[in-house]
Amino acid sequence: MGSRAAALEGAVFRLIWSTPAPGEFRCVRGPMESRCQPWPWALFVLLAAPQLLDAQQSCSRGACYPPSGDLLLGRAHHLRASSTCGLSRPETYCTPHGEWSMKCCRCDSRLSHTYNGHRVDNVLSSAGHARWWQSQNGANRVSLQLDLDQTFQLGSVVLLFRSPLPAAMLIERSTDLGRTWQVYQYLASDCATAFPHVPRGSPESWQDTRCQPLQGHPMHGGKVTFSVQDLASTISTSYSQAVEKLGRFTNLRINFTELQHIPRQGYHSPSTFYAVTEMRVLGSCFCHGHANQCAPSGGQHPTQVHGHCVCQHNTAGAHCERCADLYNARPWAPAEDHDPHECQRCNCNGHSASCHFDPELYRATGGASGGVCDDCQHNTEGINCERCKTNYFRNQQQDLAHPEACLPCECDPDGTVPGSACDPVTGRCVCKENVQGDRCHLCKPGFTQLANPNPLGCRRCTCNALGTRQDMPCDDETGRCFCLPHVVGNDCDQCAAEHWDMGGGQGCRPCECHPRGSQSPHCNQFSGQCPCREGFTGRTCSAMQEQLCPDRHYRDARGGCTECDCDFQGTERAGCDKVTGQCLCRPGVTGHRCDQCQRGHCSTYPECQLCHPCFQTYDGDIQRLRLRQAGLGNSTSRLPVGTGGSHLGPRLAQAEGNVQQAQGILGHSSVTEQSLAQVGNTLAAIREQVRGINPDFRFLDDTTSLSRELEALNSSLLLTNSQYQSKKTQFETSLSTDLSGAFKTIQSAYQTSSNASRVATSASGLLAESRESRRSAAGLEGGLAGTSSRLLTLQGEMASSPNLTPVINKVCGGFRVETCTPGHCEGLLCPRDNSSACRPGQPCHGIFPLASGALAAAGEASREFGSLSTRLRETAQLIKTTEMSASQIQSSARRLAEQLGVTRTQIEGDVRRVRQLIQRVRDFLSDKDTDPAAIQEISESVLSLRLPTDAAAVLRKMTEIQNLATQLQCPEDILAQTAEDIAKAKQLQQEAEQARNRANAVEGNVEEVVGNLQRANTMLLEAQGAIRGSGSSLRFIRERVDEIEAVLGPAQKNVAAIGAQLDGLGERLERLQRGADQNRLRATDTRHTAETAAQQARSAQQVPPRGNATAVPPALASPASCGSG
């Protein structure tokens, strides 16, 4: 047994330690990492730097945004995949290896963090490039979905594929937590085949979804980058619009819709699946451009990107989606690049902590403010808390913003009108009808006993208003009257004794009756008249009484009375004045003695009745005529006797002559209707002649309007004549009665006649203008005849000259012989047979051929531009593909080094396990108590071990790996050379673009443009050659790395198989060890039982038995129960 164990141990150790150490490949891994690792991150920083700087700009100038980060970090539990390999059971997948072979691996994702598990959380950048997510084999439609619990701003999505790129995929988002979805972009190797109904190219609007080609080599994996800003670059230059329209999302879904076709490897079909090494969702919290940093929200997992915005621009909310509580004077809006749309503060005068926006108010104020304050404090109300609440008034002692700006009115409810409100400015309450005071707490003067049930507030006092004080007639509580001085009575309704005149409003006055002339000190309370004694008179009885004559008499009675000299039928009752004796006539009577009827009373004295009302009208006219007659009489009385007015004769005769002259002017006009008709006919003939010469000629005058004017003038003359006849009649009538009136009439008629004469004279002027128009028309007719003849002469001259043939030959570059004039030119001006076209080596002449040649050269230059642009794009794509290949090779090298390290660690662990197993086998075999059957079983198990390969085969594999490593000498130099080639290609590409730009700038020389384009093409060819050379070197490195992986894969399988066999052997050895231990324990127990039974037997032999019974020991009573083990 010992020899077998030693042989087993030696075989295992030779198998393990004959494998070369992975350290031999450190020269491959180390320089690659140290030399090439940093540049992708440096490139990323350079690309991201403008956006980071833009995001950190000052929020005061416009929109600002928080810096971007990876939204997946800390949110792995929000990411899920619709398909993952090995979740329910292990799966095997095979990929091409070399030209004809395959390489197969197992995927077991049942447990997390296993080396061959490929769960979706492996795509996080924190998981490292040695781990990846992988879908199930053959699953064509697979999605990766990120479900967030709030809105974020998406910047870009980066996918690094370990598998071949998908043939087709699409990226979509949701903004409502997954209820609806919108496609961001379609991506495919062939858009026309994968998405035939989706347009290609750049989007032109926010709702325009297009398909873009997938970049990179489809069979070697690659990188897919989606950027929101790039997507919006062809729609708008505004970054804020791009973020607002495309950046918002709550859910992100990457849909892989078609697997890449992989050709068969000989007779085997490789597995098809999607595998992603890394996925980065770069973004930030979504703040509508109103924040430049994010803050964590309560109860959130540690994340790189927080979801709560630190809002600026007076905004609030988790996403700055509204204005802050007190900043709603303007409508909220997302910030723009150059306009922050800052929320404006509401003017609440310090009485509110919040407000809301009212669009109707905003429109009514012309956009000045739409803020309405909420929950006004300090007893205020209104849109701006600018007025006091009902039953509060403005405190003028404090500013409007003071907490005590509004004070309570404190109205007395008994005296205030129910439901009324006090004045908000003065605080005065609305009092009931009989109540007064700012608080309505006092009765008005004359009212008392304020009571709430009384609708008037107070009842009226019973005091006499003449005897009480005006300011307070009575007590407003008891109703007791307040009397004026010397006024007495419960109601102040009478004067005190010896007083009168209560109606004066100042109280009662003393009577002041004369003690000798008055019979008593009391007087009448209303008139103040004292009771006088005989012979005394006056109010106070202080004057001696005067003796008067009786009626119809006058003078003092003591001197003797005289009878009035009046007709007492026409006088008043007194007859005449007591002093002067003048008769006092009754109405309608006049005269010194009152014995005549007044004018206007038509009956005879003494009745004197009023006349009819029309008397007054005619009486006025008669009075005026009388006065006028009196005035004429006074005038004629001063004339010398015998003249009889003879000096007025010449003036009257002259007036008659003037009238006759007016009649002659009106009746004998020099213009007749026949002459006017003749003039009209002549003008009509002139117009017809002018129209025949020039139909467009416009006339300055029209005889129809002239006829209308003449008719109006004739009517005016007739009216004037009738007026004249009327005035003449009036003059003749008045001539016999009033000479001055006749003279005025004649003067007025003369003025009217003069006006009519002026109207007739103006008609003559119109006729003169008509004659002038006729002469002008005749002149125009003659001028038109001369002009027509000159035009005919000019037309004849143009038919023969000038000869345009030399000019046409210069323009067309031809050799025309026929004469060509403006009036006659046969055939085409320029021939269409291209005989004069410009050709290489053949000079051309003429403006038209030169222009055609310039157009052709411009077309050639345009084609060169198009070709150059195509080559530029191809070169850029080639450079990008080469960079991706270099990156993939770096990743492959790192994975190979990691795989070697894992393999070595696994082998070292297996060596330790084998050593422990061998030691256990030795201990088991050397144990003297081991059952022979167990020894036989373990020996057969050791001998049945079958190694997957022998030591020689292992040594051959290691030698093959060493040879491959030798061929792969210094890959870092190749990668460095590749980097130099890429830099050179970029420089050449830049020079080609500069050449193209120079060609664009050249306008004069087409040959120079074409030369620049050709030089640019040459530079691009050089760049492509350099890139292709680097590509060959990279492919060589890739093939060597793949071969090393292919050799290392089976070795890993062999090591795993050996480990599995050793695990089985260890389990059997452990089981046999436990059985041996149990047998040893049973043997010990049996020995102890036997010793106890022997001791009891010896004791039984020494003690004699009692009776006939025989004593048997208990351990021996049932020997079968002991068992055999």
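Here the Cβ of each residue, glycine as well, is placed from N, Cα and C on the backbone.
Just so you know, TrEMBL annotations are computer predictions that nobody has curated.
Recorded disulfide link (TrEMBL): Cys483 to Cys492, out of the candidates Cys492, Cys495. Per TrEMBL, the range carrying the annotation region 'Disordered' out of 106-156, 412-462, 769-819, 1075-1125 is 1075-1125.
The coiled coil annotation in TrEMBL falls on one of the ranges 253-290, 595-632, 975-1012, namely 975-1012. Looking at Cys549, Cys576, the record from TrEMBL puts Cys564 in a disulfide bond with Cys576. Between Cys311 and the candidates Cys320, Cys323, TrEMBL annotates a single disulfide bond, the one to Cys320.
Cross-referencing Cys532, Cys549 with TrEMBL gives Cys532 as the cysteine bonded to Cys541, criterion being a recorded disulfide.
Counting only residues at least six positions away in the same chain, the Cβ atoms of Cys287, His288, His290, Ala291, Cys309, Cys311, Gln312, His313 sit under 8 Å from the Cβ of Cys320 (disulfide bond). Among the disulfide-bonded residues Cys440, Cys492, Cys513, Cys611, the ones whose Cα is located within 10 Å of the Cα of Cys523 (disulfide bond) are Cys513. Annotation for Cys576 (disulfide bond): same-chain Cβ neighbours under 8 Å, separated by at least 6 residues, are Arg552, Tyr554, Cys564, Asp565, Cys566, Gln582, Cys583, Leu584. Among the disulfide-bonded residues Cys431, Cys483, Cys511, Cys541, Cys611, the ones whose Cα sits within 10 Å of the Cα of Cys530 (disulfide bond) are Cys511, Cys541. Long-range Cβ proximity for Cys611 (disulfide bond), meaning a same-chain Cβ under 8 A and a gap of 6 or more residues, is found for Gly600, His601, Cys602. In this structure, the CA atom of Cys483 (disulfide bond) is 29 Å away from the CA atom of Cys541 (disulfide bond). Cys513 (disulfide bond) has its Cα within 10 Å of the Cα of these disulfide-bonded residues: Cys532, Cys541, taken from Cys431, Cys492, Cys532, Cys541. Counting only the Cα atoms, the space from Cys511 (disulfide bond) to Cys585 (disulfide bond) is about 40 angstrom. Around Cys585 (disulfide bond), taking its Cβ as the centre, 21 other Cβ atoms fall within 10 Å, counting all chains. Looking only at other Cβ atoms within 10 Å, the busiest spot among the disulfide-bonded residues Cys492, Cys532 turns out to be Cys492.
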